[in-house]
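According to Swiss-Prot, the transmembrane segment annotation covers 19-39, 63-83, 100-120, 158-178, 182-202. For 265-287, 318-361, the entry in Swiss-Prot reads region 'Disordered'. Annotated compositional bias 'Polar residues' per Swiss-Prot: 267-276, 318-328, in sequence order.
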Amino acid sequence: MAAPGPASRFWCSCPEVPSATFFTALLSLLVSGPRLFLLQPPLAPSGLSLRSEALRNWQVYRLVTYIFVYENPVSLLCGAIIIWRFAGNFERTVGTVRHCFFTLIFTVFSAIIYLSFESVSSLSKLGEVEDARGFTPVAFAMLGVTSVRSRMRRALVFGVVVPSVLVPWLLLCASWLIPQTSFLSNVSGLLIGLSYGLTYCYSLDLSERVALKLDQKFPFSLMRRIPLFKYISGSSAERRAAQSRRLNPAPGSYPTQSCHPHLTPSYPVTQMQHASGQKLASWPPGHMPSLPPYQPASGLCYVQNHFGPNPNASSVYPASAGTSQGVQPPSPISCPGTVYSGALGTPGATGSKESSKVAMP
């Protein structure tokens, strides 16, 4: 069996990236990459970020496009990690079609709540609010849904075990460290996720029957044909089966298993026989237990080893009490000489091979 090459081992070791998660990260790179890596700083504000002045000019497309906008290479890197971590897990849970649907819903409603907060802030003269940009509001919405509906009561955050309901709020505080990220938009996304997780937005859900129909339509049918990425079906039964295969993989499915042939162990066998010559048990070499004298209830009992230094030689040992009783059922003492191994036999010659018999006292 030939071992797979380095390229195949590399692809086997790479984690599977869901389709919609990959294309979300790709769109973020295509939208923000040219501005960040081709233009000289200082950069002008992006025409795709979310602000209230843009909606007054009927630029409603900004309600969606702001999640692909990043104004800093560090924020772009953080956004890619957030997309891979949170969006990827959410897509594996709900499927690719519903992931795209909820991404759109969370994006639009987070933007609406953010604009409402911004209007209140401007009317109250509380200060200028930073423009909403990046995927973090949608990620917090997905995190809010997961934290509410998860069966886990505790989670590990930064090496500390905390209740699961506190995880979104702790990560919300940590989002201050991401450069040029609107904290208000993150709060808006988290509120949307918690509202949906508590079934206050059940009317916005997408049924499984509709998701299965959309699986066969464009562009999802095209995404399904791409072998490099994992398309998650809209069927909950298929997702559970895939999760079961991940938890209980078939033998040989891991690269470390498939690189080596399966060897069947061939251990020398120590045979335990009655006077009728029937095989009862086997021991691997070097693990032969000490066999004290024992008088079994069924009469004479021998352990014959045919794998000594000479293949034609054999040696016979008296069987131990635990071995004899563990192999054959208990027999009454009043019936000596009876073999209780499922077959009737009479004491006689054990074969053409020479063997020494030690009579049990």
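Each residue, glycine too, has its Cβ placed from N, Cα and C.
Against the transmembrane segment (63-83), the recorded stretches 19-39, 100-120, 158-178, 182-202 differ in Cβ pairs under 8 Å, and the greatest number is found for 19-39. Taking Cβ pairs closer than 8 Å, the transmembrane segment (100-120) reaches residues 20, 24, 50-52, 55, 62-64, 66-67, 87, 90, 94, 129, 132, 137-138, 141-142, 182, 184-185, 187-189, 191-193, 204, 206 in its own chain, all 6 or more past its ends. Among residues of the same chain six or more beyond the transmembrane segment (19-39), those with a C-beta under 8 A of the stretch's C-beta atoms are 46, 48, 65, 67-73, 76, 79-80, 83-84, 87-88, 91, 96, 99-100, 103, 135, 223-224, 226, 229-232.
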